[in-house]
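Straight out of TrEMBL:
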- 18-127: domain 'Aspartate/homoserine dehydrogenase NAD-binding' (DOMAIN)
- 130, 198: NAD(+) binding site (BINDING)
- 176-262: domain 'Aspartate dehydrogenase' (DOMAIN)
- 228: active site (ACT_SITE)
Ligand SMILES: NC(=O)C1=CN([C@@H]2O[C@H](COP(=O)(O)OP(=O)(O)OC[C@H]3O[C@@H](n4cnc5c(N)ncnc54)[C@H](O)[C@@H]3O)[C@@H](O)[C@H]2O)C=CC1
Ligand SMILES: O=C([O-])CC(=O)C(=O)O
């Protein structure tokens, strides 16, 4: 007797907005093959340079303007400077498609994007990125979480250029000992450290929100790894966890960030899915 075979579903067409440290690594992984996904296009600021960076791919894809990505794709991975998030996200969500967001901090100043996703049955996916344990935080949030704290320690060059430092006259270029440069909420960090602390916002969105998630940031001249330590107190569990990230080509961004995106893409259509 013949088994009834179902047609193989069409792969998800994936586009990448921003071809920097995260975007290029994700493009290479898609080109090498992530089951259920197909790289169809990228957007970059310097399109000829991006085309050169993509020359090594087995299946080169077009380099487009941000505004031209949506019609080509079912899912767009946003891995561009935070200020571009609304431009990248709006057409994707208006068409009920999926958007994977790395610039998670920028979601706080664009809450309309979540509403847009709701209205048009699209979805914003924030991967765990450079962090860990968002599965446990999200599970604990189904019960009652009393407190979430994070302490981030980064080498000086992982923090240089953050707007908070200039606004508060903090000069870390020549420090010789660890210096606490910030204590506040995830929402405040998203504004002052928009290219350095997306992880704090991702943590807050998984847990108790950006106004109750507390954060300290230290600049440490002796450090080589971007280090995030989290403690959670909830009615279901108490846990603490630390990740020490090897910086990527971009010293602000841990290498594991792109790998987290790749794992999240793989999970979208995997026959066995592990973790919340
Ligand atoms: N959620 C998380 O865990 C993490 C999030 N991030 C965030 O992810 C984003 C990407 O990070 P990286 O790849 O390290 O940054 P990057 O600076 O290496 O890459 C960003 C790319 O976007 C490009 N770009 C600039 N203007 C553009 C335009 N108009 N159109 C298309 N592309 C444009 C830049 O040329 C650059 O190649 C950043 O916002 C970063 O803060 C970074 C690390 C962890
Ligand atoms: O890679 C990291 O350590 C985290 C990071 O840059 C971010 O959250 O934006």
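Each position is counted from 1, following the chain as shown.
Cβ coordinates come from backbone N, Cα and C, glycine included.
Given the structure is predicted, the values throughout are model-derived calculations rather than measurements.
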Could you list the residues of the same chain, at least six apart in sequence, whose Cβ is under 8 A from the Cβ of residue 130 (NAD(+) binding site)?
198, 199, 226, 228, 243, 245, 253, 254, 256, 257, 260
CB neighbours of the residue listed as 'active site' within 10 A?
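Looking across every protein chain shown, the total is 24.
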Tally of helix, strand and coil residues over the domain 'Aspartate dehydrogenase' (176-262) according to DSSP?
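Summed by class, the stretch gives 23 helix, 33 strand, 31 coil.
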Just to be sure I understand the packing, how many Cβ atoms besides its own are within 10 Å of the Cβ of residue 198 (NAD(+) binding site)?
28
